[in-house]
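Taken from TrEMBL as is:
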DOMAIN    94-300  domain 'ABC transmembrane type-1'
TRANSMEM  41-67  transmembrane segment
TRANSMEM  98-117  transmembrane segment
TRANSMEM  129-152  transmembrane segment
TRANSMEM  180-202  transmembrane segment
TRANSMEM  209-229  transmembrane segment
TRANSMEM  235-258  transmembrane segment
TRANSMEM  279-300  transmembrane segment
Amino acid sequence: MVEFAGRGRGHAPVADLRAALTGVPTTVAAAPSRPLRAEALLAASLLTPALLLVALLLLVPLLWLVWQSVRQDGGFTLAHYARLFTDPAYGATFLQTFRISAIVTLACVVLGFPVAWAAAESGPTLRTLILALVVLPLWTSVLVRAYAWIIVLQRTGLVNSALEALGVIHRPVILVNNEFGTIVATTHILMPFVVLPLYTTIRTIPREVLAAAASLGGTPAFVFTRVYLPLSLPGLLSGASLVCVLSLGFYITPELLGGGRTYTVSMLIARNIALYDEWGAASSVSVALLACIFLIFFLAGRIVPIDRIVGTR
């Protein structure tokens, strides 16, 4: 007769029952799962080359940049950073760069939202055509697009010729070699970076929510401002952040279309190195610009969680 120990504590485990019936003791050990450990080792081995590559190509140059910004004549100094606040030319350059970046970001959002909405709400054929026209400029070099805008905006270009033919102007308007030409060309180049994430976000908005808001008496303006716009905010902020950050570092476009009258931070960095061999000054400006970029993402993350901005959730 087989008796089970701990009868009053409940049913015996299956292993104990098998041992009692067969007479063979069964031991269940809580050993670690070998497949899980092997998967963890495999994942670590696959990630290690990528992490080393990131450390080599990103972290090491960044640390070298910070180190160069606090060195002068072989010693430690903060003079390069002090110059950012004491030299009026530096302040004016940063101010103009941020002004151009803000205008370009606003223009891309205002012009890109209707394009993204039209692509998301249209049929397959029209949607494909719109997205193709949006993506097509990305296949062309920035240098080529900058020269194309010079041809379009110059005194004898397409815009001035059309305005003169229509009688709107009687003499050519200066549209290039100034800040206006830089803003127009930069807006055109960076427009896809707003349209594409915004289009993706708009496509995920449930149409039932919009229909419910309209059926409850909401006007089109109310539905747009209180339902449609808040739901599309992650894509809007994602695109705006990308455009703002990219425009802060633009070099070719302001160099070609600015005509020497538009002076940005990237041009300041290049001239400090190429003309004056001031690596410390260039490094301090670069670190300051990088800090401004981190601040932009931080402020955007205060409005919408950063994982929604970068599209990980």
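Easy rule for this one: first residue shown is 1, then count along the chain.
Glycine is treated like the rest: Cβ placed from N, Cα and C.
Fair warning: this is a prediction, and the values are worked out from it, not measured in the lab.
The stretches the transmembrane segment (41-67) and the transmembrane segment (209-229) are not in mutual contact, being linked by fewer than three Cβ pairs under 8 Å (pairs 6 or more apart in sequence).
Within its own chain, the transmembrane segment (180-202) is flanked in space by residues 100, 103-104, 107-109, 111-113, 115-117, 119-121, 131, 134-135, 137-138, 142, 145-146, 149-150, 153, 231-232, 234-236, 238-240, 242-243, 246-247, 250, 253-254, 257-259, 262, 311, which lie at least six positions past its ends and keep a Cβ under 8 Å from the stretch.
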